[in-house]
């Protein structure tokens with residue numbers, strides 16, 4: 001009998017905002033999984049620029065025609081959410097050794113909490129190694145051009161947020 005189980009990965013994060021680095025990880029992961037759920041964290045301990053609704057909306061807009069990608073928000077323990085979705089894989093992107101240190105510790109804790117769940121790491125494409133949501137927000141807040149680092153819909157949302165006080169964010 002043929003195994004028809006869907007290979008599902010959960011890609012968690014705050015995505016504040018979604019960057020082209022995140023998108024690259026998702027597109028590459030689509031070669032490994034049948035379905036990817038982008039799980040937007042509500043209570044990550046960070047103070048987001050965008051509300052949970054705004055972040056989910058930006059990601060939904062980016063992936064609106066992609067049947068392999070779903071977007072949901074979640075709160076609480078990631079492993080509880082992963083179990084609820086009947087998934088066995090957490091997907092994470094790595095840019096640098098510093099990312100690995102944190103992600104390694106987190107994956108070990110997740111494994112301790114739920115041994116059936118594996119964490120898969122994808123190394124960021126070299127074009128996006130230096131890009132993070134934090135860097136994008138910092139550059140945008142200072143009026144810098146972030147056109148190359150985020151999808152157009154996110155660029156517009158950043159402009160809206162930051163142009164309330166500044167009007168020099170470049171949009172091409």
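Backbone N, Cα and C define each Cβ position, glycine as well.
As recorded in Swiss-Prot:
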BINDING   14, 46, 78, 92  substrate binding site
BINDING   14, 15, 22, 93, 94, 95, 103, 128, 129, 130, 131, 132, 133, 134  ATP binding site
SITE      22  site 'Transition state stabilizer'
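On the structure: features taken from Swiss-Prot.
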residue: 22; record: ATP binding site; contacts (Cβ under 8 Å, 6+ apart): 13, 15, 93
residue: 46; record: substrate binding site; contacts (Cβ under 8 Å, 6+ apart): 14, 16
residue: 78; record: substrate binding site; contacts (Cβ under 8 Å, 6+ apart): 10, 12, 39, 41, 90, 110
residue: 92; record: substrate binding site; contacts (Cβ under 8 Å, 6+ apart): 11, 12, 103, 107, 119, 120, 121, 122
residue: 94; record: ATP binding site; contacts (Cβ under 8 Å, 6+ apart): 100, 103, 121, 122, 123, 124
residue: 129; record: ATP binding site; contacts (Cβ under 8 Å, 6+ apart): 95, 96
residue: 131; record: ATP binding site; contacts (Cβ under 8 Å, 6+ apart): 19, 20, 21, 95, 149
residue: 133; record: ATP binding site; contacts (Cβ under 8 Å, 6+ apart): 14, 15, 16, 17, 18, 19
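According to DSSP, residue 94 (ATP binding site) sits within a strand segment. Farthest C-alpha pair in the ATP-binding residues 14, 15, 22, 93, 94, 95, 103, 128, 129, 130, 131, 132, 133, 134: 18 Å apart. Taking the Cβ of residue 14 (substrate binding site) as centre and 10 Å as the limit, one finds 19 other Cβ atoms among all the protein chains shown. Take the CB of residue 103 (ATP binding site) and look out to 10 A: across all protein chains shown you find 16 other CB atoms. In the three-state DSSP scheme, residue 14 (substrate binding site) falls into the coil class.
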